[in-house]
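To start, the structure itself, in structure tokens.
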Amino acid sequence: MPLLRITSPHAHGPMSTSRVMQHVLLATVPGIIVLTHFFGFGTLVNILWGGIVALACEALALALRGRPLAFYLKDYSALVTSTLLCIALPPYAPWWLIAIGVASSVLLAKHLYGGLGYNPFNPAMVGYVVLLISFPVQMTAWAPPRGLGEVPGLFEALLACFSPASFDAVTMATPLDVLKQNNSLLLEDLWQENPQFGRWGGIGWEWASLAFLAGGLWLLYQRIFTWHAPVAMLVAITAMAGMFYDNGSSASGGSPLFHLLSGATIFGAFFIVTDPVSSAVSTRGKLIYGAMIGALVYIIRVRGNYPDAVAFAVLIANFTAPFIDYYTQPRTYGHARKGDS
Amino acid sequence: MRKIFGFHGGIHPPENKHQSLEHPIRDAGIPAELIIPVSQHVGAPAAPCVEIGQAVLGGDVIAEAIGVVSVPLHAPTSGSIAAIERRPVAHPSGSEALCIVIDTDGEDRWRSLEGVEDYRTADPAQLLERIRECGIAGMGGAGFPSAIKLAPRNPIETLIINGTECEPYITADDILLQERAQRIVEGAQIIAHIVQPQEILIGVEDNKPEGIEAITAAAAGTDLQVVTFPTKYPSGGEKQLIEILTGKQVPSGGLPADLGIVCQNVGTAVAVRDAILDGRPLISRVTTVTGDAVSKPGNFDVLLGTPMAHLLHLAGYDERKNRRLIMGGPMMGFSVPTPLAPVVKTTNCLLAPTESELPTPPPAQACIRCGMCAEACPASLLPQQLFWFAQGKESEKLEAHNLFDCIECGACSWVCPSHIPLVQYYRASKADIQQQRKDQAKSDYSRERFEARQARLEREEAEKDAKRAARKKAAEERAKAAATGEGEEDPIQAAIARAQAKKAAQTNEGSGESELEKLERAVVTTQKRLDTAQQKLSAAEAEGSDLVDALRTGVEKTQSKLDKAKAALAEHQANHSEAPAAAEEPPVDAAQAAIQKAMQAREADAQKSPQEKARDQLGKLEQRLAKAQQRLADGRAAGEEDKIIDALSASVDKLREKISETRAQLAETESA
């Protein structure tokens with residue numbers, strides 16, 4: 001047998017793209033468990049159905065593009081996209097809503113741009129925004145958390161998904177909705193009148209956020225991503241909320257803790273902002289990119305038309321990523337610092 | 001404790017060093033055949049100076065250094081020269097190269113060696129010459145001639161002896177630290193005597209506790225400082241080591257000497273010590289043989305030129321287990337085409353891994369821009385961006401993102417989760433850009449030449465026009481004068497007088513002389529053009545360029561032009577010297593006269609003895625040699641690229657050869 005001729009390096013580290021994706025999926029598990037505990041099986045059904053649609057769309061796109069199916073399907077990237085999208089969707093969403101959202105993510109946002117690695121926008125957030133703009137009623141119908149209403153069982157969850165007409169949905173405004181609509185009550189009174197606010201960021205949401213934080217920290221520990229973008233985002237949102245808190249008047253935007261633990265802040269910081277493909281890549285770039293998303297989330301939540309804003313903020317920041325990268329190249333070894341000569 | 005600085009990035013691959021550290025250094029013995037490539041260093045290959053069948057003793061010079069950036073080669077043991085031919089060698093290009101093959105006699109007889117008595121009182125220049133004569137080139141991997149590195153243009157503050165050895169598997173430097181620490185220290189002191197640094201540091205990674213202990217003991221009581229630092233690949237890279245030890249970064253495109261720093265590998269220090277104290281040339285080295293395809297891994301003291309197969313056999317090589325054979329480590333080594341290739345000065349390791357140990361890389365997945373490569377890059381590059389640009393062949397962007405600061409350490413490829421062969425992309429892009437630059441320079445040169453020619457033609461045309469206009473004007477004036485009847489002479493008489501005057505003027509001075517000058521000038525310029533053409537041809541030959549044929553035709557054409565121009569000149573000279581006599585002779589037939597003249601010229605030429613001819617040629621050649629040497633010196637002074645310097649020195653050598661041939665001919669004719 002002739003000797004192989006390969007150029008260096010000959011050794012390779014243990015990491016692979018499939019493993020990166022598997023890690024991300026695994027890190028969402030605590031959050032999914034908490035969501036299921038508070039809101040019932042809706043999220044789980046979303047994720048399972050979304051996963052099936054995602055793999056089908058991925059296979060279709062790969063077949064149309066003439067790529068090897070098995071090789072690309074096992075990179076888990078489609079499953080990550082659909083899982084992240086389905087976590088963000090309201091539980092007990094009808095099957096077609098999920099299908100449209102996932103198909104938009106995988107086909108429109110990913111494969112039309114050239115597949116994995118070539119998408120300028122975060123696919124899950126593209127799918128989310130498509131749904132939010134097209135079906136605002138279904139997208140804002142969140143179930144009440146455990147304690148404030150009946151939590152449906154698994155069968156009812158399947159019924160809600162695949163036979164929406166026969167499911168009698170109970171919905172409740174989310175804390176972000178309530179805060180958005182408020183223009184007369186002091187925050188203290190608002191908290192008194194609306195039980196869903198919970199302790200800090202809303203019953204259910206605050207615990208789910210902490211669970212996603214745990215998953216995110218584990219990913220950080222596994223060196224799947226660096227701390228820069230998530231921390232920058234959280235610092236920015238805290239700073240913005242702190243600056244405009246005004247001690248809880250009726251015009252207040254809400255406390256920093258409320259903004260951190262409500263809605264998709266933590267989930268977004270560790271699972272959406274860290275999407276490497278569509279974000280800035282240099283260290284300084286990640287800081288700018290994360291901070292920008294944090295600030296935008298606050299601005300859109302408080303001043304915009306939508307109660308939550310992670311998806312819009314991320315998509316807007318995606319536009320700026322190449323520009324940020326251009327201006328934040330690290331100083332190469334042996335090159336003078338800017339300004340030195 | 002000295003302050004240690006970090007460097008950006010780096011990785012921690014499995015070290016795999018213990019396998020080859022279980023035994024002390026073993027002697028690989030004398031194989032039946034030694035294959036010694038003439039190019040084992042950076043720079044011009046050495047020129048063989050032995051003949052087939054010639055008997056050699058150990059330490060005899062078998063190939064001489066050509067030019068400054070070159071070192072000679074020595075016979076590693078006694079025997080006879082069996083062949084000087086192309087053999088497969090371990091080189092990234094994977095091709096064959098000229099080798100001197102020695103059939104060893106097993107007796108290991110040596111020419112007498114003589115060390116420098118007291119290097120402390122010796123002139124550094126003399127020591128450098130000795131280092132060069134002993135064929136020492138960097139033994140860490142690159143193989144740069146040490147004598148040049150040790151003669152930097154700036155004063156040296158810090159001498160760094162590199163015992164880092166950060167590549168996985170390799171333990172050649174580690175075992176040297178353990179077993180030959182005293183010799184490393186002596187070598188370092190000799191090098192310090194040459195470069196006169198303020199401080200001498202020996203840098204070692206902290207994964208070599210035994211080596212550190214040994215070298216610390218050996219360095220006790222000297223001005224050498226052993227500095228240890230945490231293990232991280234690639235801290236043994238020259239640039240990284242300098243940053244770790246001094247916190248300074250070598251400027252992009254610059255040399256460590258620009259910072260007042262010089263680095264030498266521990267193996268090189270030992271070689272320097274042996275050369276200076278014992279007079280022993282570099283004919284052996286310590287090589288690690290390891291990998292799961294050998295059952296007895298370890299370090300060997302091996303003669304240069306030993307076929308790798310011989311060494312592998314000693315280590316218990318099982319070729320059925322081995323799919324690729326690597327010279328160097330798993331990060332930066334290159335695969336060897338055949339185990340018949342010889343061990344050379346830069347062979348620090350032979351790695352024979354099994355397929356499960358270093359699996360064949362799987363197909364690459366898409367880049368997800370995860371940025372792990374950027375975190376690992378010791379040069380603080382953005383490998384993912386470089387990859388993007390390399391795919392799009394965007395040369396300008398690649399250069400703007402400092403592609404040429406990539407040291408090809410492989411850390412980015414190692415961490416890449418998508419298994420993208422990043423370093424391979426960068427290597428290909430570098431080669432492309434270098435080719436583009438070369439092409440650009442070539443086309444710029446052609447354009448300049450074309451424009452210069454165009455300008456010259458225009459100028460000449462303008463001059464001709466001016467002359468024509470002047471003549472026309474003069475004629476008109478004459479016509480006017482004739483018409484107005486100015487001057488009462490007969491116009492015909494006047495014309496005759498003018499013609500005579502003109503003839504007289506021609507014979508006396510003017511046009512005859514200028515004709516001669518013109519011809520001489522033609523010869524000189526054609527000669528110059530021929531010289532440049534030959535220059536280019538030899539440069540192209542040295543580089544193995546595709547243009548060789550075209551250039552050769554050019555040279556031939558110019559040669560024939562030169563011959564014509566010389567013939568014309570000779571004829572003219574002959575004519576002219578005969579001219580006064582001819583003028584006095586009765587007006588014979590002009591054609592007859594010409595024939596006569598030509599015959600006389602030929603006779604004059606024929607009267608020159610072959611000896612004279614040879615002497616003339618010798619003179620000319622010597623002039624050309626002087627010119628070529630001048631050019632070489634200028635090139636060196638201007639800091640031209642190695643390639644150009646090589647080409648220039650090659651042409652100098654060619655001229656020298658020609659001169660010696662001509663001298664031989666001359667001697668023959670004289671003795672005849």
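A Cβ is built for glycine as well, from the same backbone N, Cα and C atoms used for every other residue.
These figures come from a predicted structure and were not determined experimentally.
Same-chain residues at least 6 positions away in sequence with a Cβ under 8 Å from that of A:Thr174 (FMN phosphoryl threonine) are, in sequence order, A:Thr140, A:Trp142, A:Gln196, A:Gly202, A:Trp205, A:Gly263, A:Pro307, A:Asp308. Marked as FMN phosphoryl threonine by TrEMBL: A:Thr174.
Here TrEMBL flags A:20-41 (among others) as transmembrane segment.
What TrEMBL records for A:47-64 (among others) is transmembrane segment.
Annotation comment: TrEMBL describes A:96-113 (among others) as transmembrane segment.
Residues 39-40, 42, 81, 85, 88-94, 97, 100-105, 108-109, 149, 151-152, 169-174, 177, 272, 306-307, 310-312, 314-315 of the same chain, all 6+ positions outside the transmembrane segment (A:125-143), place their C-beta atoms under 8 angstroms from a C-beta of that stretch. Summarising the annotation, TrEMBL assigns transmembrane segment to A:125-143 (among others).
Look at TrEMBL and you will find A:200-220 (among others) tagged as transmembrane segment.
Proximity of distant same-chain residues to the transmembrane segment (A:227-245), defined by a Cβ-Cβ separation under 8 Å and at least 6 residues beyond the stretch ends, is recorded for 216, 220, 252-256, 258-260, 265-266, 268-270, 273-274, 279-280, 283, 286-295, 297-299, 302. Among the features that TrEMBL reports, transmembrane segment is placed at A:227-245 (among others).
What TrEMBL records for A:257-274 (among others) is transmembrane segment.
Long-range neighbours of the transmembrane segment (A:286-303) within the same chain, counting only residues 6 or more positions beyond its ends whose Cβ lies under 8 Å from a Cβ of the stretch, are 176, 180, 226, 228-241, 244, 253-254, 259, 263, 265, 268-269, 273, 279-280, 309-310, 312-314, 316-317, 320-321, 324, 328. The transmembrane segment annotation in TrEMBL covers A:286-303 (among others).
What TrEMBL records for A:309-328 (among others) is transmembrane segment.
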Coarse DSSP state, helix versus strand versus coil, of A:Thr174 (FMN phosphoryl threonine): coil
Let me check one thing: do the transmembrane segment (A:20-41) and the transmembrane segment (A:96-113) come into contact, meaning three or more Cβ pairs under 8 Å with sequence separation of at least 6? no
Other parts of the chain folded back onto the transmembrane segment (A:200-220), taken as Cβ under 8 Å at six or more residues beyond its ends: 23-24, 26-31, 33-35, 38-39, 145-148, 174-176, 226-227, 230, 257-263, 265-267, 269-271, 274
Which of A:47-64, A:96-113, A:257-274 shares the most C-beta pairs under 8 angstroms with the transmembrane segment (A:309-328)? A:257-274
Any residues 6+ beyond the ends of the transmembrane segment (A:257-274) with a Cβ under 8 Å from its own? 24, 27-28, 31, 84, 87-88, 122, 124-125, 174-176, 179, 200-202, 205-206, 208-210, 212-213, 215-217, 219-220, 224-225, 229-230, 233-234, 237-238, 240-241, 289-290, 293, 297-298, 301, 307-308, 310, 313-314
Quick test of the contact rule: Cβ under 8 Å, at least six residues beyond the ends. What residues does that give for the transmembrane segment (A:47-64)? 32, 72-73, 78-79, 81-83, 85-87, 89, 95, 98-99, 101-103, 105-107, 110-111, 115, 161
